[in-house]
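K.L.:
Would you mind keeping the following structure in view while I ask a few things?
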C-alpha cells in the first residue's frame, strides 16, 4: 500500500526512507530521469515511484549535476540526497594564516548563497542533518593575486552518522578553497515539494581552471556605475568562478576618478560631483573582490580616449575636433600630446594614486588602442617635434611617436607601482606582429586581442612569443546588437551575440599549437548604451557561458550545457542578479524539447 513505510529510490537516486509526506502525496507533478533528461510527469495517486522535485532530479540526471562551471579533473556525485538543516551548518578553518579573514568572509558568503537557494517568501524546514565543512588551506599565508596562483581544490562529502554530513575542501591557496566553497553551494538544492534543503552525499570533485585569466571588463566612463552595481557584478562573477574585474575607469567622455594631486581632472571631467570614484571607493571594491577571488584590474587608457577633465592642462590635441569622424571613432575626440615633457609628470601622479587605490593589483592595463595619426598630425607643435627628430610625417614615423609616448609612460608606471609589473595593451597598429618587437618587449607586455577571432594577428603575435588575452569582439563584446547611438541603424558590431556563440568561442582553437601563451579571455561591456539599470541583463547569463569556456575549455558544444545554463541563470536571479531570460520557463521544466 502507498502508506506503507517505503524507500524512495530509483536505480541511481536514494533520498531516504520513511512514510510519504502529505506534500509528496498531493504534489501534482514529479520529475524522473530518463535518458539523461529530467521528464515532467503527473503524480498519480497510485504512483509508488519517487516524488522528485525538478532540482533534485537535475542534480543526478547528468554527470555534472547542476554544477557551473563544470569541474575539469574528476567529478563523482553519489547516489544520495540528504535533508539538511541550514541553521546547523558549521564551518571550521583547520590551518591558520594571514588569509583567515578572507576564508571567514568566504564562509559567510557561502551561508548566504545557501540561504538564497530558497525562493523568496519561503522558509526551508529547520530539520535534517547538520553539516560540518572543513576548510583546509595548505598555504594560508597567500592572499595575493598572480597569473600563476593555484586556484585548484578538492571537495569531499560524506555522511558519518544518521544525523551529520561532513564536507572537506582542500586547496593550495585561499583562492582554491574559495572555489571549492562555491562548488559546495551548488550541491545544495531546495526541494520545493517537501520544503527542505538537500545536499548530495558521497561526492568527490577535483578541479582546477584551464586558463588563469577569466575576466569581465566594465566601462564606467561612457556611463557612470554605482559602487553597489559594481559589487553586484563581482558577486555574480564569483558565483561562476570568474577572477578578474577589468575596470575601464576613464575615457574621453568623462573622468570620474578623484585624484588628490590632480583634482581638476574629476572636477572638470566627472558627469556630476556625485558621479565619482574616490580612493576609498576603489579600495572598498578591491577588498570586496579579493574576498570573492576576483582581482580588480585598473586600466588607464592612453594616449587616445582622453578628453573631458583635461581641458585646462594644455596636454591634449584635437579635443572635441569636428567633424569628429575625421579624428576618432566616436565623440568627443581627444589624445594626449606626447611631445609635452610635463605630460609624463602628470601621468606619474595619476599612476601613483592608482597604485595606492588598487593596492593589490598584480598587473596594469595601459589601454593603447584607436590612436589617430590624423589627430596628432593636426597639431603644429607635434609636427615640429617630429621634424626636429628627423621623422617624416608618415605612418611609420607616427608609430615612432607613439612608441616614444609608450616608453615614457611605461617608465613612469614602473616607478609609480614600485615594481616591473606586467603591462597590458589592446591590439592596435603598435602591436602589429610585423613590427611589434621593435616597440614592445614580449616579457613586459601582454596583448589583449579585441579584433575578430579569425584575425591573422593572433597567430602572428603568438609566433613572436607574446602572451594574449582574448576579447575578440565577434563573440565577447556584449554591447553589440543594439541600435546605433550615432546615426541610424544598428551599432557597429551588430548583430547581438547569443550565449551559444559565447560558449563556443574557444581560445584553444584560435591558438592552435600556442595554447600555453593564451592567458585566458575577457568579455567586454562598453557602456555607450548601458548603465546600472541595464547592466545585469547585458552581462548575465551570457558571461556565465563564457565562464565555463574559460574554466573548463569543454570539448562539447553548448547544447550539452544548455540545461545547466538555464539553471545557473535561475541561481543568479535568486542572488539578486537581474539576469536576462533565455527561454520560457517551460523549457527549463521540459528539458530537450526546445530545440531548433
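The backbone N, Cα and C atoms fix where each Cβ goes, and this holds for glycine too.
According to Swiss-Prot:
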- 166: N-linked glycosylation site (CARBOHYD)
- 264: N-linked glycosylation site (CARBOHYD)
- 377: N-linked glycosylation site (CARBOHYD)
- 1-23: signal peptide (SIGNAL)
K.L.:
Tell me, how many other CB atoms lie within 10 A of the CB of residue 377 (N-linked glycosylation site), whichever protein chain they belong to?
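P.N.:
Taking all protein chains shown, residue 377 (N-linked glycosylation site) has 19 Cβ neighbours within 10 Å.
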K.L.:
Mind giving me a neighbour count for residue 264 (N-linked glycosylation site)? Other Cβ atoms within 10 Å of its Cβ, every protein chain shown.
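P.N.:
The answer is 14.
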K.L.:
With every protein chain in view, how many other Cβ atoms are within 10 Å of the Cβ of residue 166 (N-linked glycosylation site)?
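P.N.:
A 10 Å sphere around the Cβ of residue 166 (N-linked glycosylation site) contains 16 other Cβ atoms.
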K.L.:
Roughly how many Å lie between the Cα atoms of residue 377 (N-linked glycosylation site) and residue 166 (N-linked glycosylation site), rounded to a whole value?
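P.N.:
Rounded to a whole number, the Cα-Cα distance is 68 Å.
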